[in-house]
Every structure is written in structure tokens, then in C-alpha cells.
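Report on the structure given below.
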Amino acid sequence: MTNASTESFFNRSLADVDPEIFGAIGKELGRQRHEIELIASENIVSRAVLEAQGSIMTNKYAEGYPGKRYYGGCQFVDIAEELAIERAKKLFGVNFANVQPNSGSQMNQAVFLALLQPGDTFMGLDLNSGGHLTHGSPVNMSGKWFNVVSYGVREGDNLLDMDEVARKAEEHKPKVIIAGGTAYSRIWDWKRFREIADSVGAYLMVDMAHIAGLVAGGQHPSPFPHCHVATTTTHKSLRGPRGGVILTNEEDLAKKFNSAVFPGLQGGPLMHIIAAKAVAFGEALQPEFKEYAAQIVKNARALAETLIAGGLDVVSGGTDNHLMLVDLRKKNATGKRAEAALGRAYITCNKNGIPFDPEKPFVTSGVRLGAPAGTTRGFKEAEFREIGNLIVEVLDGLKVANSDDGNAAVEAAVRGKVVNLTDRFPMYDYMG
């Protein structure tokens, strides 16, 4: 490379080098600014997190752990990882944290690698009751490599059937019991799960990927000291970059998890992401994060109450956390049709199966809604009640139209109201 081309490589902007990608990013920024984000697993990160994630830390390979790397030149990325570890430990009140998992699936796989052998039995919440793919779905590695015993919710009230958990644990003697899910809107009884795990000699693993921000903010009971290990993603209610964390109080387990992450599952960690995790943990340690977590729950409850008043069923009758499942059958709608219609009205959500759902997984009878992203924008109860009424308006219009194409007039009217709302709560002004 000539001096001129080298200078160009280091200094040309994305807009100059790749206008197609630059354009796609610009359009996505517009979508995020003007639409209401209700996907429960999504959030909006701070400028500080974005800057760390987009930093030159991405250039550095750092196989191993701080102070024990297989590459030279790691003295500064060590600072970032050590900060991430210490802040995660402080945030959740634990003795050990591994901040290297690249995703939620990989953090859970690392725990399996550390605690299970192929063919061993573990228990997890059934996907149809609000569990996760990695909790034993037959299409996932967890369901292919291990003997999975699933538990679920009761058909009457859609609450966890703890008697079923105890009965199946006694019958199948699992090595691991997973508590936690992706679409359960009530408080988890960690103490009862630990009692059941102890009764059969199982490890209790808590996947708190969805509720970790609420745990950190004091709005949901901590799984510690009840669990042996907890895993969480960092990009949902924690409001950080995409990635995972493994937490424990037990040194012998911490060593197993470290070995499982590296070299068991991953090679070089993503140091720019770890730096961004450290920033997000630092933000979550501030007093205002507790206010944020409390507002999430208030907003979710306001939304659920509004939807119920509008003639919709909310699974289990409401929510204690950041999310809810909405049963659409009273509106003669499916999750697939509702997701599309709401999307056309600039309200983003995801179709989701409800417990004992008669519809196919790609159709579903429900949608899942969450409050974290809207709360980050500054929405409070009044805005979420307005959003709830807009959702009812779209679904009522869909019912009248009785067409997959929706009700264009209603959706256009709601779309205008959504833009008026989001314009009052701007984001990333510095991006122009």
C-alpha cells in the first residue's frame, strides 16, 4: 500500500467507503427514531456503550483471561475486562463473573459443557410455556445432546406449576434444573426451585437474561444465594451490548465455567464488546438505573391494564416484570397478522405462542410486548397507556377488515399518532 492509500484506509468514512451499508444504517436509525419498540428482548444503548463497542478494542486478540493471555500486548484490554468483571460482580453481589460469552446461547452452552455430559438429564421450562430454545428445545443443541425433561405452566391460570417441577425432578433425577424464561411475566420463586434441586442433588441454573436489569434495579428478587449459577445476556433489560455473562459464588464452579468458555467453546473474546459491557455495568450501578428499572415495571403494568380494558386477554392476567403475552383470539387475530398490522402502524413487536397454543409456531395466537426500550426513551405510564390504546385500535381495525392486508385507514391514522409520540422523545440527536 502506498502512503496515500494507507492514509485513505485509516481516514475514509463509512459513507465514503460503503454507501450501501451507510444507507442501511441511516434507514435503521430512522426506523428506531420513529417507531415504538415493544420487542421485549430489545433495548436502546447509550452513546457511551456505542462508542466502546465501535472502538479500536476490536483490533485486539486476547485469548485467555486477564493476566493469563496467549497473546502479547493485552495490558490495556485487560483493564477493560477486569473492569467488566468487577462491575458485574458488584452489580449482582457475586464472587465470580465470566464476561466473555459472545451470546446468550453460548453462555448457556458453556454451563452445559461444564456441568453435563452428553445424554445427561436436565430440566427446563417448555418453549410453549415461555422457555428458551437453549432450555431443551428439540431443534436446539440442548435438546439434541441431552435428555430433556420439560415443565410448564398450569392451564387454568398460566402460572408455573411448581408441583409438576417437584414431581418430575423426583421422577427423573436431573443433574441440572433451569429456572428462567423468555415469555413468563410473573415473579420466579428461586427458593422453591433450590429446594427442589437440593432434594434430587441437582444444580440450580437460573437464566435471567430477560430480567437481569430488574434484578440489578431491585425490581425482581435476585436468584442469589439460591442458585449455583446464573446466566444473563447484557442487551435486554441491562441495556448493554449484545453478549452474555456467567455468574456464580462458588470458586470450583467458576473454574469450570472459565474453562468451558475458553478454550471449551470460544477462542479470542470480543474485546470491544467486553469494553461496552463494562460501560453498561457501570451505568447500571448508578442510582438512576434503579429508577429506570422501577419505571419499566410501572410501564408494563400500565400497558397490560390498558390492553385488558380494551378487550384483550393478557396471559396470567397481567405482569410483574417488563413483558407480557397477549392472547389475540378475542379479536379474531393471529400473532402473525397482528405483528404485520402493528408493524405497518410503526409499532414493533413479535408474534409469540401462548401456553397451550392451538396455532402453528409461525402463526401463533399471541404477541409478546415489552417495556424496556420505550422506557429508555423516556416513556412513562401515560405514554404506555396511549400505546395500549393504539394497539387496540389497530387490532380492532384488523378485525373489521378481516384481511391479511389489514385496515389501511386505521393503520395510517395510528402511524401518524405514533410519529407524533416518538417525535416528542428524540434519540441520538448527535447523529444528525
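Just so it is clear, glycine is given a Cβ too, placed from its N, Cα and C backbone atoms.
Annotated (6S)-5,6,7,8-tetrahydrofolate binding site per Swiss-Prot: Leu127, Gly131, His132, Leu133, in sequence order. A coil conformation is recorded for Gly131 ((6S)-5,6,7,8-tetrahydrofolate binding site) in the three-state DSSP classification, outside any helix or strand. Here Gly131 ((6S)-5,6,7,8-tetrahydrofolate binding site) comes close to Gly124, Leu125, Ser137, Ser150, Gly181, Thr182: these same-chain residues lie at least six apart in sequence, with C-beta atoms under 8 angstroms from its C-beta.
Long-range Cβ neighbours of Lys236 (N6-(pyridoxal phosphate)lysine) (same chain, at least 6 residues apart, Cβ-Cβ under 8 Å): Ala40, Ser41, Glu42, Asn43, Ala209, His210, Ala212, Gly213, Pro372. Swiss-Prot lists Lys236 with the feature N6-(pyridoxal phosphate)lysine, giving sequence analysis as the kind of evidence.
Under 8 Å, Cβ to Cβ, and six or more positions away along its own chain, His235 (site 'Plays an important role in substrate specificity') finds Ser41, Glu42, Asn43, Val45, Pro241, Arg242, Gly243. Per Swiss-Prot, the feature site 'Plays an important role in substrate specificity' maps to His235; the stated evidence is sequence analysis.
Within 10 Å of the C-beta of His132 ((6S)-5,6,7,8-tetrahydrofolate binding site) there are 23 other C-beta atoms, taking all protein chains into account. Those residues of the chain, other than Leu127, Gly131, His132, Leu133, with a C-beta within 8 angstroms of the mean position of the (6S)-5,6,7,8-tetrahydrofolate site C-beta atoms are Gly124, Leu125, Asp126, Thr134, His135, Gly136, Ser137, Asn140, Gly181, Thr182. Same-chain residues at least 6 positions away in sequence with a Cβ under 8 Å from that of Leu133 ((6S)-5,6,7,8-tetrahydrofolate binding site) are, in sequence order, Ser105, Leu127, Val139, Asn140, Ser142.
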